[in-house]
Amino acid sequence: MTDESKPKPKLFAPPLTVPKIPEGEKVDFDDIHRKRQEKDLTELQSLIEAHFIQRKKDEEELIALVNRIEKRRAERAEQQRIRTEHEKERQNRLAEEKERKEQEEARRKQDEDAKKKKALTNMTQQYSGFQQRQDGKRGAKKQTEREKKRKILAERKKPLNVERLNEDKLKEKANELYQWLWMLEAEKFDFTKTLMRQKYDITLLQVRVQNSQRSYGQGCKTDSGCTSKRQRERKGQGQSEIDGNVDIYSQRSHLTTSARVGICSQSALQ
């Protein structure tokens, strides 16, 4: 047997019973309906009041938020304005400081240029005055030297009055001139020899100084003997050269003096 062939159970619904109304009491449906409407109205009014209260609260919060935003915006604008003013003042101070420094630098340069020009003018004037004084001294010195030379020549250059002299007087005059010329040549020789000796001493000192500087610069302490030997050799060479020059000059001077004396003697004898 299948399920479809089985008999299905029958469903039974309980019977509906109408509630019993207690006896002696009358039900007023209008009153119930009115009370329910009043209750609903009260709840609706409560909801409406709560809604308006919340809406008012939200509006107040929104207004407060807008006020805070506006206030914050105004504060930021004020801060930006103050910052801009401070920056402008700082830029103005920097510009004024820069201009002041430039003016001071220009003034300092002008003062320095003025001082340099003044110093240069003073130096030029001093140099001009010094040059004039030097020129005056040089001219006076030249004049003085020229006068001294003329005076010395006037003292030494004496006129020869030999027209009225006899032969003996002429011989005496020739002998006197010979002695005077010999004395002059001797003085000239002594002066020349002294000058050559001084030049030799100066040359020797220069050689010693150069050798000392060379040995000190090279740090040659062990070759002092060699250096002394070279110095002695150079000194000997310099001395031999000077002695040779002195001998040659002496011979020339002697020959010149002899020749002059011979000429004077011949002229005196004639």
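The chain as shown is numbered from 1 upward.
Note: Cβ is positioned from N, Cα and C throughout, glycine not excepted.
Note: TrEMBL annotation is automatic and uncurated.
If one looks beyond the compositional bias 'Basic and acidic residues' (73-115) by at least 6 residues along the same chain, no residue has a Cβ coming under 8 Å of a Cβ in the stretch. Residues or ranges marked as compositional bias 'Basic and acidic residues' in TrEMBL: 73-115 (among others).
Annotation comment: TrEMBL describes 121-133 as compositional bias 'Polar residues'.
According to TrEMBL, the compositional bias 'Basic and acidic residues' annotation covers 134-155 (among others).
Marked as region 'Disordered' by TrEMBL: 1-25 (among others).
Annotation source TrEMBL lists region 'Disordered' at 73-155 (among others).
Summarising the annotation, TrEMBL assigns region 'Disordered' to 216-243 (among others).
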Tally of DSSP helical, extended and coil residues in the compositional bias 'Basic and acidic residues' (73-115): 43 helix, 0 strand, 0 coil
